[in-house]
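Asks: Marked as transmembrane segment by TrEMBL: 47-68, 88-106, 127-144, 150-170, 221-243, 255-279, 291-310, 322-339, 345-363.
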Amino acid sequence: MASYEYVSPEQLAGFDKYKYSAVDTNPLSLYVMHPFWNTVVKVFPTWLAPNLITFSGFLLVVFNFLLMAYFDPDFYASAPGHKHVPDWVWIVVGILNFMAYTLDGVDGKQARRTNSSTPLGELFDHGLDSWSCVYFVVTVYSIFGRGSSGVSVFVLYLLLWVVLFSFILSHWEKYNTGILFLPWGYDISQVTISFVYIVTAVVGVEAWYEPFLFNFLYRDLFTAMIIGCALCVTLPMSLLNFFRSYKNNTLKYNSVYEAVVPFFSPCLLFILSTAWILLSPSDILELHPRVFYLMVGTAFANSTCQLIVCQMSSTRCPTLNWLLLPLFVIVMVVNVGVTPYVESILLFTLTAAFTLAHVHYGVQVVKQLSNHFHIYPFSLRKPNSD
């Protein structure tokens, strides 16, 4: 199992033919961030591997998640009457979030600058982005938290799924059209949230208790922005790009079934995880929201990474992800009835198993592609140069 090969020979052959194709029409990205990133990338030495920049940005996102988990483990820190997160933590999280966003923006530029662009670099970047979704959303949740002034853990669960489906839409587009249309919401959300973190340190979380307009609270604005961006920007643009490809007869799959296969695993994950929440005898989401979010986000990232591999290698996406099998079994067990202690153990065990399985998947895929392209993933040296 330690040396299991997830990428098939057919997929490796597909990677050999892969050509990067992406479209970015976001004004913030084109006229503000790209010029900024073009300046920042010049600071990095030319011996620094792009994948190392990508991984460093991901680690900053995870660090923010862990830092906030320490100061706000149950999402009550921002509620009235509770001990709030220290101001310096918000500043650190805001700065590190913007740094992570910047590193995610310059890794590709560093690759082109050092003439080291490879399919592995794109896969590594987008694969880590898929896992970053849950860490980012859950960290943002601490701004409002739950309680009388915040958002319920179930509403946040639904908002997390809005973000996850918004992310996979872009890669579903590319799976069908061959072109990655970069979503507008990503750049806007990263810049906005980085700023909001800093503002929170200055004005305090109490400022978010006040109505934004009339009786419209900031928490409502937070919810409306996520849902509005998905329904009014991300989804319409994805469907429009898909329709254009259909009109131009450039779709990769003519069958409706084959076109929507990438959604099967995420949708089943949503159904099973929601069923667990609704059937839980101990109200598991209220009891361990952070762990439950991580479980869902990790399983989603694994399915998305498999889609990205298929999308880049022009191969068929798997119908279902085997990680959903243990989740299905647990939902069945919970439905029969278990004690709160046993249910908590099941959640923590499943989350650990998902994490280990996903890390193993990522490591093995990186090893396979590194060997296939004869490169080191975190160095610009060639293996035959030793």
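The backbone N, Cα and C atoms fix where each Cβ goes, glycine too.
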Asks: Taking contact to mean 3 or more CB pairs closer than 8 A (sequence separation of 6 or more), are the transmembrane segment (150-170) and the transmembrane segment (47-68) in contact?
Replies: no
Asks: Report the listed stretch (47-68, 221-243, 255-279, 291-310) having the maximum count of Cβ pairs within less than 8 Å of the transmembrane segment (127-144).
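Replies: It is 291-310, which has the most Cβ pairs under 8 Å.
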Asks: With a Cβ cut-off under 8 Å, give me the same-chain residues at least six positions beyond the ends of the transmembrane segment (345-363) that come close to it.
Replies: 1, 4, 6, 127, 131, 284, 288, 291-292, 294-295, 298-299, 301-302, 305, 323, 326-327, 330, 333-334, 338
Asks: Applying the under-8 angstroms CB criterion, which one of 47-68, 221-243, 322-339 scores highest with the transmembrane segment (255-279)?
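Replies: Answer is 322-339, with the largest number of Cβ pairs below 8 Å.
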